[in-house]
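As recorded in TrEMBL:
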- 415: active site, GMP-histidine intermediate (ACT_SITE)
- 106, 214: Mn(2+) 1 binding site (BINDING)
- 213, 214, 215, 216, 217, 340, 341, 389, 390, 391, 392, 396: GMP binding site (BINDING)
- 246, 340: Mn(2+) 2 binding site (BINDING)
């Protein structure tokens, strides 16, 4: 039965200041959504809130889900799961499923933040040179190829033993892995579960940024809200220069997801799994297809970490060239590296009992609290750093995880700004503004930009995104 836009709005019920519940009847089992999303409710358009709300509801009906299907403040419609959707599944439930749509095609798309001992005053005089140096060192754009030499046999090892290779080849510092989620390596990775086609796509792309909303951005600290936490991260004053790198698993991750979806459609027929949306193709976690996907996904996740590690090396080189000193002298240490698209087995408390859950985070960020055993020693007293990227011309944020977040969202929060349009629907002119106008506006704001194709800036222009999270 079709419903009007206003009819569907009647299913929103306010719980408290920051939370809304979607009432029963909208989609079976859907319960919970954050307040910031309500203002994004609007009729029509592929990027509106209601399609995402339906996706969150459809996820709530998947076999084995526990607690709630949760939409986060940056939620928008995606493939299967909404982007900005978290859902956890009981590993002890034989019916529980894993869904590639709950991770996304860019497996372990994530963000890494580096600090420096430079100030804004050090960078302003050489801003254009530094932007060009970054552009020269880091391959960007659709189909870009990396500059990191590697043979096919070594590549297979890298998918499993990420950091060991990076360290041995001089592409990482020994302490880098301490400040990475999962310490930069998912142990269950099995390169044999990655197809030859996926490997062929990934091999030449190692150390590349890609296109779309991926970026390497030189940032300046504008405000510090918690001095203690900031100093623990090596951020000690306003005006300090940092670098944020946003990229993922490139063509390899996309192919791993594509291969898994084909296999899972067959598994669903065999096991009689019924879902509300065919994009939610899934398999029992314990099935061969489910296990193969988790092992292949972990390998793709490892690829993404070595990809960001390689670009960290290239970033350090770019800075070293411009400032004529070593990266070590510039204090270019990793603050943290987080994943935005991943599914991981974690221990959580649920109704007073410890449960082993498979947590899907798509377009969302792990945010573990102080004293959690899976976060680095350096951040045991502050909580895990949480990196929230902005759009071009808007701020990014560094947060820390809390105990309340563990209770409400299994230690998960948003991952960035909200797109109001589907990327494929983005055109070269927005509200009468063209590519060159956007580039000129960014220049007026004091932003130096380098992009493989000028039209790509239209996907990330701030008017297409929510500027406030």
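Even glycines carry a Cβ here, placed using N, Cα and C.
Comparing C-alpha positions, residue 214 (Mn(2+) 1 binding site) sits nearest to 246 among the recorded positions 246, 340, 392, 415. According to DSSP, residue 392 (GMP binding site) sits within a strand segment. When the alpha carbons of residue 340 (Mn(2+) 2 binding site) and residue 217 (GMP binding site) are compared, the span between them is 17 angstrom. Sequence-distant contacts of residue 341 (GMP binding site), defined by Cβ-Cβ distance under 8 angstroms and a gap of at least six in the same chain, are 103, 104, 106, 107, 108, 109, 110, 248, 361, 362, 363. The Cβ of residue 415 (active site, GMP-histidine intermediate) has 72, 74, 84, 111, 340, 363, 364, 365, 388, 389 as same-chain neighbours under 8 Å, each 6 or more residues away in sequence.
Cβ environment of residue 217 (GMP binding site): 243, 244, 245, 246, 396 lie under 8 Å away, each six or more residues apart in the same chain.
Counting every protein chain shown, the Cβ of residue 214 (Mn(2+) 1 binding site) has 19 other Cβ atoms within 10 Å.
Mapped onto three states, the DSSP output places residue 213 (GMP binding site) in coil. Put plainly, the binding-site residues 213, 215, 340, 392 were compared by Cβ crowding within 10 Å, and the winner is 340. In the three-state DSSP classification, residue 246 (Mn(2+) 2 binding site) falls within a strand.
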